[in-house]
Amino acid sequence: MTLSSDSRLRFPLEEVGAQLLAYWQLTKPRIILLLLITTAAGMGLAAQGPLDPRLAIATLIGGGLAAAAANTLNCLYDRDIDAIMERTRWRPLPSGRIQPFEAWAFALSLAALSFILLDWQANQLAAGLALAGIVFYVVIYTHGLKRHSSQNIVIGGAAGAIPPLVGWAAVTGELAWPAWILFAIVCLWTPPHFWALALMIRDDYAAVKVPMLPVVVGNAATAQQILAYAGLLLPTTLALAWPLGAAGPFYSATALLLGLELLRRSRQLCQAPDSRPLARSLFKFSIFYLMLLCGAIAMDCLPGAPSLSQAIAAWPGF
């Protein structure tokens, strides 16, 4: 019995497709999407109007490549514990679909392409910041903090807060206060987001001896910390509008409503810190929170946004 030519062709194509999918999964694309949304917010806030399409596309691609490189290196370092944790054991490296040397070559290629593209199409500051983000995430967070400190996310969150700086720098060639406020927003958003996840999979982290906060101090104390960071996040988001004046009433209203809802959900979690459904709900909302907040920045920066902001400001009772 022999295979037809169509069958012989189909099997190699399926293998290639499976391998491409494995590399795609290695980069953690859902995380990249969220990082690129904050990059776009940084660009929009810096431009305060229409963006050069070529610059915008190049910056997003370059930022995406940098994030993919960082995530791949993270997967390389964590492949031993990923093989044990229920949530991660089927990732490409622990499952054997990609070999470590292949992942190394892939990650370094992505990092090099990111730097070259950002340096060519944007500027050296944007390229340098993206590279610094990779180094910070891999060396400081993944190697230095993740397995050794319960504050790993608090300090390591700075790596995830670099993309809006890259976006701002790509447009202006420098950094200013609004960019640093965006940086602070993402830094303060990170602990509630990841600690909510840690509450959901606390046993997994305990099994591999990763000292996430719920493992070290328990669920109740973690929920209180989530509430504290949510409380700090609200005035920080509003600082973009006042006193900096970098965002308008539409953003302000969105930030206020989102911040109050995050506080409400965090308070609910404090009342039932062992509730995984509440932790899951908070985790999912935190993703939508950051997406909508960045979307509000973009809306305020679009052509015609001043008239929209004026209409909102004139609304009775605003």
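Think of each number as a place in line: the chain as shown, counted from 1.
Glycine is treated like the rest: Cβ placed from N, Cα and C.
Annotated features in Swiss-Prot:
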- 31-51: transmembrane segment (TRANSMEM)
- 55-75: transmembrane segment (TRANSMEM)
- 98-118: transmembrane segment (TRANSMEM)
- 125-145: transmembrane segment (TRANSMEM)
- 153-173: transmembrane segment (TRANSMEM)
- 181-201: transmembrane segment (TRANSMEM)
- 206-228: transmembrane segment (TRANSMEM)
- 238-260: transmembrane segment (TRANSMEM)
- 285-305: transmembrane segment (TRANSMEM)
Item checked: Cβ pairs under 8 Å between the transmembrane segment (238-260) and the transmembrane segment (125-145), at least three -> no
Checklist line | Leading contact stretch, 55-75, 98-118, 206-228, 285-305 vs the transmembrane segment (125-145) - CB distance under 8 Å | finding: 55-75
Note to self: Applying the under-8 angstroms CB criterion, which one of 55-75, 98-118, 285-305 scores highest with the transmembrane segment (181-201)?
What the structure shows: 285-305
